[in-house]
Amino acid sequence: MSFIPVAEDSDFPIQNLPYGVFSTQSNPKPRIGVAIGDQILDLSVIKHLFTGPALSKHQHVFDETTLNNFMGLGQAAWKEARASLQNLLSASQARLRDDKELRQRAFTSQASATMHLPATIGDYTDFYSSRQHATNVGIMFRGKENALLPNWLHLPVGYHGRASSIVVSGTPIRRPMGQMRPDNSKPPVYGACRLLDMELEMAFFVGPGNRFGEPIPISKAHEHIFGMVLMNDWSARDIQQWEYVPLGPFLGKSFGTTISPWVVPMDALMPFVVPNPKQDPKPLPYLCHSQPYTFDINLSVSLKGEGMSQAATICRSNFKHMYWTMLQQLTHHSVNGCNLRPGDLLASGTISGSDPESFGSMLELSWKGTKAIDVEQGQTRTFLLDGDEVIITGHCQGDGYRVGFGQCAGKVLPALSPA
């Protein structure tokens, strides 16, 4: 138990301690903090208290404006930092609890803070690792007989996304302009996206990277995974459908991707690990691992339109529905010698379960626009309207506590008028 009061339904008990980057009106410099209850512990203020063998010579990483250098230190430093923080925040430890002057400088209320991206994201890769999602999309566009493409059960399919347009929760998303072909009997047209979608995803940050030309074996992959965030991979379905053959997504995805600001460390998630999904056919040896690395993370998506008094839940899903694990994704990404770097972001792909209410995109929930999605208060949707706010939340439920991620939220702004 922490000396900082933590409500039972708080996302941020002492069992969590996620890392983020924040600033305040009184101190506009972005700095690294840890969430505890409704407070933020400023690590730049208490960096001198990290005196263990892994961090004593690297206290300066907590003076940085991003988490990249801390991520790059590796598991020994992460575990030491977590143990030190849990000790310092414990109700039984006087070092921070009883130092009123230090406490006053070290703690900031989350309500008064502005959150920033937790890392400088050099590269961003989006996978497509939910079997149910891939099957649903395949049925819609190719039919049941060809729902899964031949490679899907043999490797974690992915594509390189756009790192520059990843934004932190709360940043509005502008409806994109682009080229589309709504009528196949007519030439393509240019205009505002008409089929704007959200995608329920999660993503993990890479810790230490690998040398150029040297793959990461799957037995070591866990050493390179720092922690996880929620993600909304906004998608312009009409732009995407017209452009994606033969090279895959481009402008239909690159206009904006939202992530939650708090990075939940993998050690906080390990109590919620569950068995990996059965994979048939068995993957090639470089992708095989017996270590459980699938997690029971409850996820939900809510939508709040203009004129709605409260948000309506449109999806409830769970990260455990993923077919390919993060270890497999990271190993496959590096198997050709591709070098990953601290702060790189690797996303899960849309997370869908077998229950229609667990489908993680409006494309699936509306079944390609043929079914209305009830958002309560007399409103329905097939795709997103201007003014709609999408709010993703997620948590692991413990015994009397929860390890949560906060919110991943964004509001749709109208498209800019064509030039």
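Any Cβ shown, glycine's included, is placed from N, Cα and C.
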Identity of the Mg(2+)-site residue among Asp233, Asp238, Asp280 (reference: Lys253, Thr257, source: Swiss-Prot):
Asp233
Look through Ser92, Ser112, Ser290, Ser366 and state which residue has the annotation phosphoserine in Swiss-Prot.
Ser92
Glu199, Glu201, Asp233 bind Ca(2+) per Swiss-Prot; candidate in Asp99, Asp123, Asp126 listed for that same site:
Asp126
Swiss-Prot annotation phosphoserine: which of Ser84, Ser164, Ser300, Ser317 has it?
Ser84
What is the separation, in Å, between the Cα atoms of Thr350 (substrate binding site) and Glu199 (Ca(2+) binding site)?
6
For Gln240 (substrate binding site), just give me the three-state DSSP call.
helix
Among the substrate-binding set Tyr128, Arg142, Gln240, Tyr244, Thr350, as the record gives it, the longest Cα-Cα distance in Å:
18
What is the set of residues, excluding Asp126, Glu199, Glu201, Asp233, whose C-beta falls within 8 angstroms of the centroid of the C-beta atoms at the Ca(2+) site?
Leu200, Ala203, Met231, Asn232, Ser235, Lys253, Thr257, Ala347, Ser348, Gly349, Thr350
Counting Cβ atoms within 10 Å across all protein chains shown, which of the recorded positions His133, Arg142, Lys253 comes out on top?
His133
